[in-house]
Each structure stands twice: as C-alpha cells, then as structure tokens.
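Participant: Below are the structure tokens for one structure; questions will follow.
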C-alpha cells in the first residue's frame with residue numbers, strides 16, 4: 001500500500017513553518033525569558049554572502065589550466081569573447097536565482113524551487129544525485145587539488161606520493177567539516193579571509209599583466225582573431241568550459257534562511273560577485289597573454305606558475321600556496337551551502353530525519369555536515385572521481401534549467417506572488433535555453449558518459465517510491481531510514497509562529513524547539529495544527545511514542561504518560577516530556593470530560 005505524495009510545503013511564497021528566525025510567541029505576545037526557538041540564525045551579511053559566491057566560483061582552474069576555452073576557440077580574441085559572454089550568461093542565471101530567492105525565501109536552492117514548481121519527485125531525484133555522488137565527488141576533487149598544491153613546495157624535484165596527497169586531503173576535508181559543524185560565524189569569517197586571498201592572487205597576476213600592456217607587450221594580441229578556425233563543435237564546447245568555470249553563483253540561495261535581509265542582500269551580493277568574477281576572469285586571461293603565447297598556454301600544466309616564473313621571479317613559489325587556499329575556500333563554501341540543502345530536504349521528508357536536526361548550542365546542521373564528511377571520505381579513497389563527475393555534469397545544468405524555467409511558470413501561474421526583485425522575462429528565458437543547450441551538447445559530444453549519468457539519475461525514481469511513497473515499511477526498515485510517521489501525516493504539520501510558549505529541549509547534542517505546557521495552556525501540542533493531506537481536512541494532533549512505536553491521538557495519551565515522545569514534523573523534531581496525563585488535556589478536552597462525567601452522573605441518578 002502506498003500513500004500519495006505530499007504537496008510542496010511552500011505555498012504562494014510562504015512556508016508552513018512560519019518565520020524562520022523568530023521566537024514562538026507566548027500568550028499575549030510575551031515570551032518567557034530565555035525560552036528561544038532553536039533555529040538556524042541569520043548571520044550571513046552582505047560581505048559574507050559575497051564571499052560565499054566568489055569563494056565557491058573561483059577555484060583552482062583559473063590559476064592552473066584555463067585552456068579549455070582557448071583550445072576550442074582557436075584564437076586569443078575569440079577566447080576572451082567567450083569568457084565575457086559566459087560571464088554575462090552566468091549573470092543572467094544568477095539574477096534569475098535572485099528573483100527566486102527573494103520570492104521563495106527558503107533555503108535549498110534548486111531543490112526548493114523544483115519542489116515548489118514541479119513537485120516532490122524531481123526535487124527528490126535532484127537531492128538524491130547530489131547527496132550520493134555529485135557533492136561528495138566534487139568536494140573530493142577540489143580537495144585533492146588542495147592537498148596536491150599544499151605539498152607542492154616540499155616536492156619540487158620529485159613526484160608527490162599519491163598516498164601523501166590523499167592523507168593531507170583527508171585532513172583538509174576534516175578541518176572544513178569541523179568548521180562548518182561548530183560555528184556559522186567562524187566558517188563565514190574564514191570564507192571572507194579565503195576570498196580575500198583569492199582576489200589577492202588574481203591581482204598579483206592582473207597588475208603585472210597590465211604593466212606589461214603599458215610597456216607595449218601586445219605581440220600576442222596582434223591578429224587576435226586569426227589562427228585555427230573554431231569548428232562547429234569546438235565553439236559550443238568552449239562555452240561549456242566557460243560556463244563550468246563560472247558555476248557556483250547559485251550557492252547563496254542554498255542558505256537563504258540564514259541571510260540577513262534577503263530581499264536586498266541576495267540580489268546585491270549576486271550582482272557584485274558576478275561583476276567581480278567576470279572582470280577578474282577576463283583580465284586574468286588578458287594578463288596571461290601579455291607574457292605567454294597561446295601555444296605555450298595550451299602546453300603549460302600550471303599557467304599561473306609559468307606566468308609568475310617569468311615575471312615575478314622567486315615570488316612564484318607562493319603561487320601553489322594561493323592555489324591551495326583558493327581550493328580550501330571552494331571546499332568551505334560548498335560544504336557550508338550544500339549541508340543546508342540536505343538539511344532542507346530532510347525537513348521536507350526526503351532524507352532521514354536526523355539530517356534536519358540542529359546543534360542546540362552551535363545552531364549548525366551538524367548531522368548533515370557529518371554525513372557529507374563521511375560520503376566525501378568514501379569518494380576520496382574510491383575509484384575514478386573525474387569519471388563520476390563527467391557522467392553527471394549534465395544533471396547540474398538540467399536541474400538548474402528546470403529551476404529557472406520554474407520562474408517563468410510562476411510568473412504566469414502565480415502573478416500575484418510577492419516579488420521584491422524582478423528581472424525581465426527574457427533573462428530567465430535565455431538562460432533556460434542555455435541550460436538546455438548544455439544538456440544537449442553533453443549528449444551529443446559524449447553520449448556514453450551522458451547516458452550512464454542519465455541512468456544514475458533515474459535511480460532516484462525507484463528510490464523515491466521505496467523510501468518516500470511506500471507506507472507499509474517493515475519496522476526495521478523504518479528505523480534504518482528514519483521514517484516513523486504515518487504516510488498522510490508525515491509532512492502535514494504546521495509549526496505556528498504564535499505558539500503559546502516554548503523552551504529549548506535537548507536530544508543528545510541536537511534539538512529543535514519544544515512546545516511546553518503552562519497554566520493557561522496545559523497541552524504541549526495545542527499550538528500544532530495537524531492537516532491530513534489524504535482527507536484534506538484538519539485532524540486532532542497526534543504524538544508518536546518512541547517506546548510503543550505507534551501513533552496516539554492526544555486525548556488518548558494516558559498510554560504514554562510519563563514517557564518521552566517524539567514527533568517529526570514538517571520542519572522540526574519536537575521533544576517533549578509528559579509528566580502526567582493532565583498535561584495532555586486541552587481546555588476543550590476537559591470540558592468534554594466534565595460534560596461526560598455530568599451526563600454519567602445524571603444517568604446514574606435516573
């Protein structure tokens with residue numbers, strides 16, 4: 001027996017959980033002192049938002065091997081045009097995401113927008129592939145570059161041992177995960193510092209290059225558009241490499257709920273970041289061509305090192321350190337953002353519920369970070385990571401294109417949605433076409449790898465029906481997958497921001513908010529509105545007994561008196577301690593009980 005998939009938790013731009021960073025109000029609008037809802041805090045300022053975007057876009061590629069574009073264009077001038085056009089197209093995609101992020105003010109990025117527009121199945125497939133392969137493999141790849149360039153100064157005359165690279169890489173991954181698990185503020189501060197290091201490294205290349213131009217070193221720009229003609233397949237592949245180099249502009253939308261004043265911060269951070277990255281990329285390539293010919297650039301294994309050896313002398317030794325710091329910044333920004341994606345997917349019921357829990361003191365999604373760390377370490381010591389990424393590179397553009405196409409759909413389907421930031425319609429239309437073109441190009445240029453990636457992506461469909469839709473799971477399977485709630489109620493709870501009272505509760509090291517009883521309101525669950533999506537009507541609140549492994553209606557809760565009960569809600573795991581049966585009786589329950597007792601006494605008298 002299966003249950004129907006539950007509709008998206010986002011409706012007309014507002015989410016059922018209410019304000020994400022507010023406190024649960026007490027009766028009369030006053031809160032008990034020190035009783036705070038445990039949520040992700042809004043600590044991402046404009047500067048931190050810019051550092052997340054720039055820090056995740058700029059990796060090692062621009063310093064090591066920016067030759068994919070040149071190789072497929074055949075000329076210096078055309079390669080610079082492609083770098084510029086790719087920057088503009090990426091800006092279009094980023095602006096589309098700015099509208100989505102300010103309209104649907106919820107973390108999760110692609111996943112959240114696809115869930116809102118296209119429903120739970122494609123959203124689950126997106127997070128399924130991201131969790132199992134894309135993010136762990138991508139983190140492992142950029143981490144390997146970090147490990148290699150950290151060791152580069154110590155192995156100048158010999159080959160770096162592969163085991164040493166992987167061990168240093170494992171240490172770097174662990175440091176990143178600890179930072180993201182222990183403090184949002186420290187992770188963001190380090191990201192700002194690393195972004196500053198990246199921009200400094202780019203300036204170290206750009207400034208000498210500009211000085212070379214001033215000195216008249218323009219020999220490599222003569223007949224800039226002459227050379228090997230770009231083939232019909234070469235030019236599209238050049239755009240493919242260019243667009244890949246700009247990937248990362250969407251990561252701020254993964255942490256929307258933690259952004260201060262998102263309606264202003266997200267669009268401004270995106271515009272500033274994309275302008276800085278585009279100008280930086282184009283000027284860096286110009287600087288390379290002031291000293292290195294097109295032929296030399298194609299043969300160089302580390303373009304920035306070759307450039308610095310010719311112009312900077314002994315300072316070239318510092319280039320591997322800057323490259324390693326750049327990789328570390330990409331690792332940190334990616335883990336920070338994607339851990340929130342897994343947190344949101346768990347909150348929606350698409351991943352095990354433990355991933356939706358927050359550390360009670362650190363206010364970080366620590367379980368999601370730990371799971372990501374484990375999967376990344378498995379990928380690090382497994383087989384060919386690059387093949388896995390090549391197999392699934394089309395999936396990223398497919399789902400980004402779906403999300404941006406969803407913006408166009410929402411414009412027509414929900415024209416009255418509140419849109420603080422709005423882009424001209426041709427911008428998402430053009431970018432959606434670009435994403436479709438990238439997917440088609442992947443299929444045409446490498447049908448075998450794309451076909452394998454498509455098959456891997458489709459494994460999310462049976463996984464969706466197995467883990468999400470199938471309701472009659474064996475008990476051991478429910479325990480393993482973390483699915484303890486009944487099908488129709490699993491995602492049908494709404495946490496009202498006007499709950500009577502609250503306090504922080506602890507479950508190990510993690511907690512969500514706890515609704516507790518007071519004299520005016522004696523029911524721990526009175527502030528929870530339960531909506532049965534199968535029957536399309538409100539139901540009495542239910543609790544799930546972790547001892548009896550079954551659901552119990554509130555008015556029959558005497559069976560679990562003096563027991564701890566856990567309810568996995570839409571966006572919370574609520575932990576309450578029921579000390580006595582009287583605490584689970586609402587005022588209306590008491591009136592009914594008194595009426596029944598009085599009727600019974602009346603019948604007895606008769």
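Glycine residues also receive a Cβ, built from the backbone N, Cα and C atoms like all the rest.
Keep in mind that TrEMBL annotations are predicted by a computer and have not been checked by a curator.
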Participant: In TrEMBL, which of 298-320, 321-343, 482-504 is labelled transmembrane segment?
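Facilitator: From TrEMBL, the annotated transmembrane segment range turns out to be 321-343.
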Participant: From 76-98, 99-121, which range did TrEMBL mark with transmembrane segment?
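Facilitator: Going through 76-98, 99-121 one by one, TrEMBL gives transmembrane segment for 76-98.
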Participant: For the record in TrEMBL, which of the ranges 133-151, 513-531 is the transmembrane segment one?
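Facilitator: Based on what TrEMBL states, transmembrane segment spans 133-151.
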Participant: Below 8 Å between Cβ atoms, which of the listed ranges 133-151, 266-290, 321-343, 450-470 makes the most pairs with the transmembrane segment (364-382)?
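Facilitator: By Cβ pairs under 8 Å, 133-151 leads among 133-151, 266-290, 321-343, 450-470.
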Participant: What stretch, picked from 232-254, 321-343, 394-412, 450-470, has the most CB pairs under 8 A with the transmembrane segment (76-98)?
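Facilitator: Ranking 232-254, 321-343, 394-412, 450-470 by Cβ pairs under 8 Å to the transmembrane segment (76-98) puts 232-254 first.
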Participant: Could you check whether the transmembrane segment (232-254) packs against the transmembrane segment (163-184) - three or more CB pairs closer than 8 Å, residues at least 6 apart in sequence?
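Facilitator: In this chain the transmembrane segment (232-254) does not contact the transmembrane segment (163-184) - fewer than 3 Cβ pairs sit under 8 Å.
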Participant: Can you see whether the transmembrane segment (266-290) and the transmembrane segment (394-412) are touching - at least 3 CB pairs under 8 angstroms, only pairs 6 or more apart in sequence?
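Facilitator: No, the stretches stay apart by this measure.
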Participant: Restricting to the same chain and to residues at least six past its boundaries, which positions have a Cβ under 8 Å from a Cβ of the transmembrane segment (133-151)?
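Facilitator: Cβ under 8 Å, 6 or more out: 59-60, 64, 160, 164-169, 172-173, 320-321, 323-324, 327-328, 330-331, 334-335, 338, 372, 375-376, 378-380, 385-386, 388-389, 392, 395-396, 456.
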Participant: Counting only residues 6 or more past its boundaries, what in the same chain has a CB within less than 8 Å of a CB in the transmembrane segment (46-64)?
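Facilitator: Contacts with the transmembrane segment (46-64): 94, 142, 145, 149, 188, 191-192, 194-195, 198-199, 201-202, 205, 245-249, 251-252, 255, 259-260, 265-266, 268-270, 272-274, 276-277, 280-281, 284, 301-304, 319, 322-323, 326-327, 329-330, 332-334, 336-337.
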Participant: Pairs of Cβ atoms less than 8 Å apart decide it: which stretch in 163-184, 321-343, 394-412 has the most with the transmembrane segment (190-211)?
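Facilitator: Ranked by Cβ pairs under 8 Å, first place goes to 321-343.
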Participant: In terms of Cβ proximity under 8 Å, which residues at least six beyond the ends of the transmembrane segment (321-343) contact it?
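Facilitator: Same-chain contacts beyond the flanks: 40, 51-52, 55-56, 58-60, 63-64, 107-109, 111, 127, 130-131, 135, 138-139, 142-143, 145-146, 149-150, 152-153, 172-173, 176-177, 179-180, 187-188, 190-191, 194-195, 197-198, 200-201, 204, 248, 251-252, 254-255, 257-258, 304, 351, 355-356, 358, 365, 368-369, 371-372.
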